[in-house]
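*Asks:* Among the features that TrEMBL reports, compositional bias 'Gly residues' is placed at 9-33, 88-106. The compositional bias 'Low complexity' feature in TrEMBL is assigned to 63-77. The region 'Disordered' annotation in TrEMBL covers 1-117. Residues or ranges marked as transmembrane segment by TrEMBL: 124-151, 171-192, 199-219, 225-248, 255-277, 283-303, 352-368, 388-406, 418-437, 443-467, 479-497, 509-531.
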Amino acid sequence: MEEEEEDGGGGGEAGSEAAAGGGGRGGRPGGAAGMWDRLRGSRAAGGGRNGAAMAQRDEKVPAAAGESEPGAGAGTETETETEAETGTGTGTGTGTGTGTGTGTGTERGPSGAAAPFQPREGGFGWVVVFAAAWCNGSIFGINNSFGILYMMLQSDLGEGEKDPALEFKTAWVGSLAMGMIFFCSPIVSIFTDRLGCRTTAAMGAAIAFIGLLCSSFTKSLEVRYFTYGILFGCGSSFAFQPSLVILGHYFKRRLGLANGIVAGGSCLISVPLPFFLKMVGKAIGLAHTFQVLSALMLIQIFLSMTYRPTLPPSCDSQHDGQDKLGSRSARQQCWAQTRRYFNLRVFRRKTYRIWAFGIATAVLGYLVPYMHLVKYVEKRFKETKKDWILLVCLGGMSGLGRLVSGRIGDCIPGLKKIYLQVASFMLLGILCMMIPQCQGFEGVIVICLFLGLCDGFFTTIMAPIAFELVGPMQASQAIGYLMGLMAVPMTAGTPIAGYLNDYFGNYDAAFYFAGVPPIIGALVLSVVPLVHQRMLKKQRLDSGKDKMLVSEAVVNGELLPGCPASEAHM
């Protein structure tokens, strides 16, 4: 645990009242002075900044002066406590006959141990929960409802019969948007750690607002690749990820509940949105529909201002790092800053590499039902009036799954949480391959209900698993890198499904294709807990080596990055 040392041999503000100095604020007193302080029952006090005041105090209270053994000249006491997630740390104090001392600026508890950051567990945090729920509902409500926009885009182009590859080309609009949400995640992690959740989220919501608004002023598919796919997608990523991180600033014990409420509350937007788009889109047209959707992101700009960080600042460590950089060459400084912000340390963990590969494989066909299911029902069952019900079922059950899985995840210890993802992906793959077997519209509705439930379980449990694998201090970048890896398969999945439809003339092959990757990913994920247990067993046998795995005692939300001054990648 790092301690911030103060200049001048004195530590902490309480040091001016200490006789002959001990450790800094919260540090242990040294020599006879330490014994005298403990007998008084006072909290540990540090050596003062003012040497004259200390000398004067030394004259008034001779018993408190640093008395050393003959010939020693100084009495020193050092106590080291085990560092753990409970917040214990190291306290060091030095007392001398002249009243000098060395201290630290870290706030500590009565026992001299560093006091851990404790979230407020509510209060203003519930306002933040509402803002995060609006963010999730707006972003993923729009993306999950792209099946309606997909058909409106084709109608707006008016060339459905002329271009045989129209399905493939149109699918790229929504696929780019969802892919950019995940592709930008590693960069968003850096911005969140550097600028804070509030600034990053507000900036992202503004970019997403501009992207949707600009999409209403063009009919070109290529321009919408940029305005909707790139601008709206990137802005959504910058707005979405801080909404996850900020919850850890206000909740620890109730973090799973807060995540569940955010997921469930977002359904109030995402569930009725497909019906709204179906009804209003026909009345006002695609251009005005984009303008209405942009209003959701405009509101999110103001809601992002509620993301007030609560983590204690750690500025001294930043200044120390900058001082060290000052003595290096420009190339060394550039490399040091790059390593600082693009911390690849999480990839040293074998379990994280396997988990990330399994997730990236599983999501290759993840978006296919959201984008192509409405078109599939229209072509096969000639159903055009109730097709929006499918997206409502997907969104509603996804919200229910997130709410339930958040609570269940809090009750499952350690990496056993990953089996929820295994079951979700396995069932999701099987359900996708069952869609072409449905003989009626009602059968597709039943499948959509279970698909949404699997989606909710998969997404909500992702962050707690990252905490278990890499620990709380690296969780932000671990999630960012994971989402970045997910971007490529998620972006490619739906255009491939569209190409298969153009080639075979039906969606059967597309849904069979969408079902295979989740099953393969589930099999890969099932290996992670076994590898983790084997490595823990090896670690216990070789206790002399540095610990390379996070302890199973890690509690979700112990410390989340996201404060501008916090070092998430130390």
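Even glycines carry a Cβ here, placed using N, Cα and C.
These figures come from a predicted structure and were not determined experimentally.
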*Asks:* For the transmembrane segment (443-467) and the transmembrane segment (418-437), does the number of C-beta pairs under 8 Å, pairs 6 or more apart in sequence, reach 3 or more?
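*Replies:* They do touch: at least three Cβ pairs between the two stretches lie under 8 Å.
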*Asks:* The transmembrane segment (124-151) and the transmembrane segment (225-248): do they have three or more Cβ pairs under 8 Å, with pairs 6 or more apart in sequence?
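*Replies:* The answer is yes, given that the two segments have at least 3 Cβ pairs within the 8 Å cut-off.
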*Asks:* Mind checking which residues of the chain, 6+ beyond the ends of the transmembrane segment (283-303), have their Cβ under 8 Å from one of its Cβ atoms?
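*Replies:* Distal contacts: 130-131, 134-135, 138, 141-142, 149, 152-153, 155-156, 201-202, 205-206, 208-209, 212-213, 215-217, 228, 235, 239, 269, 277.
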*Asks:* Applying the under-8 angstroms CB criterion, which one of 124-151, 199-219, 509-531 scores highest with the transmembrane segment (388-406)?
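*Replies:* The stretch with the most contacts is 124-151.
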*Asks:* Between the stretches 124-151, 255-277, 509-531, which wins on the count of C-beta pairs under 8 angstroms to the transmembrane segment (199-219)?
*Replies:* 124-151
*Asks:* State, in range form, which of 124-151, 171-192, 509-531 has the highest count of Cβ pairs under 8 Å to the transmembrane segment (255-277).
*Replies:* 124-151
*Asks:* So which residues does the transmembrane segment (509-531) touch in its own chain, when a touch means Cβ under 8 Å and the partner is 6 or more beyond its ends?
*Replies:* 350-351, 354-355, 357-366, 368-369, 372, 376, 415-416, 418-419, 421-426, 428-433, 435-436, 489, 493, 496-498, 500-501, 503
